[in-house]
Structures are given as structure tokens and as C-alpha cells.
Amino acid sequence: MQAKDSNPPDGGYGWVVVVSAFMVMGLTAAVLKTFGLFFVEIQQHFDELASTTSWITSVTIVIFHLGAPVASSLCVRYTHRAVVITGGLLASSGMALGFLGLNMVWMYATTGFLQGLGISFSWTPAISIVSHYFSKRRALANAIASAGECAFAFTFGPFFQWLISQYGWKGALLIIGGIQLNICVCGVLMRPLASSSLRSETETLSGNGAPRKDKEEKFSGTHKTFNWMLVRRTEFLLYAIFGILAAMSFFVPPLFLVPLSYSLGIDESWTASLLSILAIVDFVGRLLCGWYANLHVVKTVHLLTMTITLISTSLMLLPLANSYLSLAIFTGFYGFFFGATVAVHITVLADVVGMPDFDSALGLFMLMRSTGGFVGPPLAGLIVDMTGDYRAGFYMAGATLALSAGSLVTLDQLQQRKERGNQTKSEKPPLPYPSIHHLKLQ
């Protein structure tokens with residue numbers, strides 16, 4: 001497949017790519033987000049503890065993150081399109097095989113491992129190619145694409161609840177696996193840019209395998225190998241620490257929101273509506289924050305720090321709810337600020353490392369963040385088992401997010417210090433040339 005363009009078009013066919021990514025986000029992240037509806041069903045079927053059952057989600061999350069560098073490497077070597085199609089086949093297979101429900105180990109291997117790998121191979125290149133297609137409107141494009149997660153979660157909440165009631169949790173998994181095959185269709189629509197073409201294409205343009213200077217300049221922003229040296233950059237490491245701490249908490253609220261509502265005596269039908277509320281305000285938060293970030297009024301890292309702080313506050317207050325109304329209000333606050341965070345955190349990563357290293361940075365960021373996603377849900381489940389109260393999981397998530405905000409503040413201070421240093425160097429007057437009289441004296 002020949003590349004079409006080496007520069008970000010900031011529109012045109014890029015909007016088709018955004019819509020495709022929107023669909024991929026819905027068929028991957030939204031499924032993971034609403035998997036809490038299966039939590040109690042699976043726990044009761046196998047008669048296991050909450051901590052044991054939560055490992056299904058934990059395995060999905062960690063494989064989702066661990067597979068990101070592999071997905072990024074494949075995008076560099078082949079195309080984003082090919083990787084997304086492969087991811088769609090893996091995700092569909094993992095969910096469909098979960099239909100057999102042989103034992104907990106089987107669930108870890110199918111709805112955990114295979115599903116996580118499929119999500120990784122679909123989500124990573126989908127969000128990456130959007131950033132390649134856009135430059136000036138990158139924040140808005142990323143916000144629209146990521147909004148697919150909450151748009152689908154809004155309908156998936158009551159739809160999955162209906163599937164479980166009609167076909168049981170096993171039958172529901174089989175049907176969802178079939179729906180996820182549409183990821184492959186979305187992948188077909190993701191036409192590659194020149195930045196995702198093979199090295200051989202670049203060399204062919206030069207005629208003799210040695211690219212000329214003008215060709216080198218044209219493709220100077222294109223890396224054909226995975227850049228592992230990003231781990232030596234302090235700014236990237238600080239952002240990765242933020243990702244690790246944030247991942248420890250991000251996956252906890254959707255997992256325990258349903259069990260918490262059950263513990264408060266809320267009816268199942270109303271409980272499903274909580275996930276819909278979460279999806280609606282998440283959707284609004286992403287679009288509004290993406291639009292605001294696109295105005296470039298404030299630095300995106302400042303905006304991200306603010307939203308993370310507000311999420312932490314919301315999670316600390318959410319356990320105070322003692323009725324459906326109060327739980328819905330606190331869930332709304334949490335969902336809005338979570339959506340605002342997701343809208344800009346990929347854009348901040350691009351700002352930190354630059355677009356030439358973005359594919360590698362995204363893979364490494366997801367890999368390092370996996371430790372947080374791996375530890376977070378089981379740790380929250382362990383705390384819940386020890387205290388006998390689902391509220392404890394939300395307190396843990398809020399405290400961890402507060403720590404992640406500190407990493408962003410440190411990153412911002414480092415960037416400001418470097419900017420001031422660069423300004424000081426540029427403002428220094430040039431050294432005066434020695435006068436002819438001075439040269440004669442010498």
C-alpha cells in the first residue's frame with residue numbers, strides 16, 4: 001500500500017480515520033469499561049472472592065498495556081491498518097471463547113489474555129493514526145475519537161444487562177464477540193500516511209537505495225525502528241510515572257460501581273443506568289475539554305493536572321453517597337472529569353516527546369502504565385475483601401490519583417526550567433569580533 005501523504009492533512013480523509021477510531025474505541029475500551037456488569041455473575045457462577053474474580057479485568061488491562069509496544073512496533077514496520085484488523089480478530093476470539101466458561105483459568109486466558117491483546121492491537125494504532133493525521137486540531141480529533149468509548153458505553157450498559165437477562169452471561173459474551181468483528185471493518189478504512197509506510201518506500205524514492213538530502217528532510221520525522229531510548233528522557237519518565245499511578249485508579253470505579261450500588265440496595269435496572277450516566281457525562285467531558293484544549297488558552301499539561309485533581313476529589317466524595325440520587329451525582333462528577341482527562345492525556349504525551357517519537361512513546365507509555373493497571377484492581381479487591389466495604393476501593397483510587405498529579409506538577413516545573421534556559425541562551429549577545437587594531441597588536 002503506497003503512502004498518500006507525508007504531511008498531516010488536518011482534515012479531509014482524516015475525519016474518516018477519526019470516525020473509524022471512534023468506532024474502535026467503542027468496541028474495545030467501552031466493552032472493558034462495562035465489563036463490571038459481568039463481575040457479580042461470574043463471581044457467583046464460580047463461587048469465588050472479589051479479588052479472584054477481579055483478576056479477569058486485571059489480566060485484560062495488563063495485556064492491553066504490555067501489548068502496546070508490540071502493536072507500536074508492528075505499526076512502524078507494517079501499517080496501522082493491518083494491526084487494527086489483527087486486533088479485531090483477537091478481541092472477537094477472546095470474548096467468544098469466554099462463552100465456554102470452563103473455569104477461572106479459562107476466563108483469564110480468553111476474556112483476559114486474548115481480549116486484552118486484541119484491545120491493545122486495536123486501540124493503540126487507532127489512537128496513534130489519528131495523531132498522525134492531525135497537528136493543529138490534534139486535541140479535538142483525539143477527543144472526538146476517544147469519545148467513542150463513552151458513546152458506546154452509554155448503550156452497552158443497558159444492552160449488556162438485557163443480553164445477560166435473556167441469554168445468560170455466557171451467551172452475552174458470545175454475542176459481544178461477534179459484534180467486535182466490526183473492528184476489522186474500521187481497520188480497513190484507516191488508510192496509511194507516508195509516516196507509516198515501510199523503509200523500502202523511502203529508499204525507493206531516492207532511486208539508488210541512498211536517500212538524497214531533500215528526501216531525508218521530507219522523511220526526517222519518520223522513525224522506522226522502535227525508539228527504546230525514550231526511557232532515558234526525564235520528561236518521558238515523569239509522564240510514565242503519572243500513567244502508572246493513574247492506571248492504578250482509573251479501572252477501579254467502573255469495576256466496583258455496580259457492586260457498590262447493589263450493597264446500597266439499589267435495583268438492578270437503576271444500577272445499569274448509572275453506567276449510562278457515567279458514559280453521557282464522560283462523552284460531554286471529552287468533547288468540551290478537547291474543544292477547549294484546541295483553543296490553546298492554557299498548556300495542555302496544566303489542563304491535565306487540573307482534571308486529575310478534580311477526579312481525585314470526586315472519588316474521595318463518591319463513597320459518601322447513600323442513595324441512588326447521590327450516587328448518580330457523584331458518578332456524574334467523576335465521569336465528566338475522567339472524560340476531560342482522557343481527551344488531553346494523549347495530546348500531552350505528543351507534546352512531551354514530539355511526533356517523530358510518538359509511536360514509540362505511546363507503546364512504551366502503555367507498557368510502563370501496565371504495572372498500575374495490573375496492581376490496581378486486585379489491590380482494590382483485596383482492600384474490599386479486608387474491609388467488607390466497596391467504598392474502600394474508591395478511597396484507594398482517589399489517593400493514588402492525588403499522587404499522580406504531583407508527577408505532572410514536577411514535569412511542568414522541569415519543562416518551564418528548560419524553556420527559561422533556552423530563552424536565556426537565545427538572548428545572550430554574540431561575542432564581538434576583534435578589531436583590526438587588536439589583531440595588529442597581537
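Note: Cβ is positioned from N, Cα and C throughout, glycine not excepted.
Curation plays no part in TrEMBL annotations; they are all automatic predictions.
As recorded in TrEMBL:
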COMPBIAS  417-428  compositional bias 'Basic and acidic residues'
DOMAIN    14-416  domain 'Major facilitator superfamily (MFS) profile'
REGION    417-442  region 'Disordered'
TRANSMEM  12-35  transmembrane segment
TRANSMEM  55-76  transmembrane segment
TRANSMEM  83-106  transmembrane segment
TRANSMEM  112-133  transmembrane segment
TRANSMEM  140-160  transmembrane segment
TRANSMEM  172-190  transmembrane segment
TRANSMEM  236-258  transmembrane segment
TRANSMEM  270-289  transmembrane segment
TRANSMEM  301-321  transmembrane segment
TRANSMEM  327-349  transmembrane segment
TRANSMEM  361-380  transmembrane segment
TRANSMEM  392-411  transmembrane segment
Could you tell me the mean pLDDT over the domain 'Major facilitator superfamily (MFS) profile' (14-416), as a whole number?
82
Positions whose Cβ lies under 8 angstroms from the transmembrane segment (270-289), at least six residues beyond its ends:
30, 33-34, 36-37, 143-144, 146-147, 149-158, 161, 254, 257-258, 261-262, 303, 307, 324, 327-328, 331-344
Same-chain residue ranges lying at least 6 outside the transmembrane segment (55-76) that approach it to Cβ under 8 Å:
32, 35, 39, 42, 82-83, 86-87, 104, 107-108, 111-113, 115-117, 119-121, 123-125, 128-129, 196, 223-226, 247, 251, 255, 359-360, 362-367, 369-370, 373-374, 376-378
Taking pairs 6 or more apart in sequence, does the count of Cβ pairs under 8 Å between the transmembrane segment (112-133) and the transmembrane segment (361-380) hit 3 or more?
yes
Quick check for me: are there 3+ Cβ pairs below 8 Å between the transmembrane segment (327-349) and the transmembrane segment (392-411), leaving out pairs under 6 residues apart?
no
